[in-house]
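So the structure is just underneath, and the comments pick up after that.
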Amino acid sequence: MLVSYKWLKELVDIDVTPAALAEKMSTTGIEVEGIEVPAEGLSKLVVGHVLSCEDVPETHLHLCQVDTGDETPRQIVCGAPNVKAGIKVIVAVPGARIADNYKIKKGKIRGMESLGMICSLQELGLSDSIIPKEFSDGIQILPDEAVPGDAIFKYLDLDDHIIELSITPNRADALSMRGVAHEVAAIYGKSVSFPEKNLQESDKATSEAIEVAIASDNVLTYASRVVENVKVKPSPQWLQNLLMNAGIRPINNVVDVTNYVLLYFGQPMHAFDYDKFEDHKIVTRAARQGESLVTLDGEKRELTTEDLVITVADKPVALAGVMGGQATEIDANSQTVVLEAAVFDGKSIRKTSGRLNLRSESSSRFEKGVNYATVLEALDFAAAMLQELAEGQVLSGHVQAGQLSTEPVEVSTNLDYVNVRLGTELTFADIQRIFNQLGFGLTGDETRFTVAVPRRRWDISIPADLVEEIARIYGYDKLPTTLPEAGGTAAELTPTQALRRKVRGLAEGLGLTEIISYALTTPEKAIEFAVAPSHLTELMWPMSVERSALRQNMVSGMLDTVAYNVARKQSNLALYEIGKIFEQEVNPKEDLPNEVNHFAFTICGLVAQKDFQTQAQAVDFYHAKGILDTLFANLNLKVQYVPTKDLANMHPGRTALILLDEQVIGFVGQVHPGTAKAYSIPETYVAELDMAALEAALPSDQTFAEITKFPAMTRDIALLLDREVSHQAIVTAIESAGVKRLTKIKLFDVYEGATIQAGKKSMAYSLTFQNPNDNLTDEEVAKYMEKITKALTEQVGAEVR
């Protein structure tokens, strides 16, 4: 919100500098982004009166004699297409500074002396987007009353101070000059002074010319007035200046009045050309599928049933709350104007403007809320301005569909409630003074008082809101700083916290680096690596499609991080993350998703760099599985790895599901080469675990065993197997032999080559046996090996080599 300091002073009698005002506003709840003075950096710019203007043959140039208040006219060569004799212009005399600190000097153009420059607004630093179209390709023409030789700043209000406010959604009341005036008046204990317009109505009633109706629950009220015999022309200079300083391009007096009212009241308005209506009844309804509308910017908009439209003769003529239609726009020939003031549902307007990527000053205000109490006042004010600036005749009364409550909202609390929360010792008299400054009504006493909150402050509805207002006006800097009086409370980590801490420590001990990725991603990535995808939970109003859906897996976000690092030549990565995924078993539009803690990691590149002693070693499936084995061993959990080809984004031959108590709790494996290519990453291995399942399976008590003094015995066994037999199947077969003295199974060799028949492989294991209470004998171990050999032969078809 851009606030004119000059305009603000007309509404509130304050005697402070713009800088002091900005600082005070920032400390009381409305942040000031900065202050801009349009004239800053400009100098020696004066009013000039073009006495004569002669075309220079065979050029686009004009030789002008300009009165700049000096004894003799000043000769200036100008190339602007709209320069002519008799107009008042902006002249930069030699030594002047214009935009970009450019200095004007005497010079010669085509051999003709030029003692200055006739300037356009662009050359003064104004943006093309706010300059009136009639002057966008030429010089600015000043009002006839401008005096030659005077500094031009006061005529264009370039000496104003423009205060830029950063308005948070809860303070949308400050998206209007009246709202800002109320705020400033409360800060300084002043009163507001709003000008009144003398509206004179004709004998003809508005209801004779127009009728309005509402056919949607998303329209709270819709009101109109009619102004006849309007003369469309450029707005007076003061109004154009005000709009340009607010970042709005002046169009004509009718459109400019609606924009002025928007800035002044915060009430969006629209003006229709009544003579372009095919009917005299306006109906506001939801658009129908397949309908379209050409908006004022010339774009054809395809509408949906979620859009609101203003219709005449059942045809859309405006996109409600967003932008008017081209078919009924005001032009130079318009004579009868229909003014619209309405309140539309903010969510509906936000959805339409977001879908069409069509943001406007009007849609912004409807999205955040408007003051119900001034809808009709703003409508009357606009009609009175058209009467004044366009010489229009205002029909009596207005037509309205839908009623709004304009009564103050009553909120009750007590003095103790306020002081306890602020740590203050305010008296009831202090409370009365503060709410009087705010312009709020107050009844009751310190034991119970009720505040009547005007409709202009629709952000206040509960006692906590009153406390905030008291703190703001009293002064945040005056609130006492106290330390909590309560003593420390002994506590311990919850099981969830303890598990997270332990897993984090193990992961970092294994060389993984923690990252935090976005919980919001694209709908496609949200379910990409999910073992059991559920209903997708999507945001209704995402900032972008890249952050529009809640993730159902951790891996896709981690791969984004891998891709980011790989693109910057960092390809040896070992990352982990502990975070939440979001599962939705029911309707995501009606119920919140379940939040489940997950642990995931990813590794890629080299696990060992090449040097004079070591060969380079790339990560593989077993490195990823080794990380998990270490994790499960430290958690005292026993899992199974089951090969799977069902995960579309994982390599079908290098991926396994992880089972705990016969339940799938995660997966580990290589990212599918196609998926890796889509992410622009090298060969990458990932794993993801359900930490809630891990927590549920953790043993409640930790059992300690005495370290035995008896030695262990080791036996090696080499097996000839079919290539399809997995390591997990072999381990399962060995364990099924039921040898309770078997304490460790270690695979130490895998071989496939010329000495092994086709379709076969050799796997060698080291088996460790130990009796904690006695020495083992060779005979005992031999019996154990016979049992194990039998189990391997029967279950996996192994042949002992």
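Just so it is clear, glycine is given a Cβ too, placed from its N, Cα and C backbone atoms.
Residues or ranges marked as Mg(2+) binding site by Swiss-Prot on the basis of sequence analysis: Asp459, Asp465, Glu468, Glu469. In the three-state DSSP assignment, the secondary structure recorded for Glu469 (Mg(2+) binding site) is helix. The Cβ neighbour count for Glu469 (Mg(2+) binding site), using a 10 Å radius over every protein chain in view, is 22.
The domain 'tRNA-binding' feature in Swiss-Prot is assigned to 39-153.
Sequence annotations record features per position, and here Swiss-Prot assigns domain 'B5' to 406-481.
Looking at the domain 'FDX-ACB' (708-801) alone, the prediction's average pLDDT is 92. Under the heading domain 'FDX-ACB', Swiss-Prot lists 708-801.
Sequence-distant contacts of Glu468 (Mg(2+) binding site), defined as residues of its own chain at least six apart whose C-beta falls under 8 angstroms from its C-beta, comprise Gly29. Sitting within 8 Å of the Cβ centre of Asp459, Asp465, Glu468, Glu469, and not among those site residues for Mg(2+), are the Cβ atoms of Asn170, Arg457, Ile460, Ala464, Leu466, Val467, Arg472. In sequence order, Val411, Asp459 are the residues of the chain that are 6 or more apart from Asp465 (Mg(2+) binding site) and have a CB within less than 8 Å of its CB. The Cβ of Asp459 (Mg(2+) binding site) has 17 other Cβ atoms within 10 Å, all protein chains considered.
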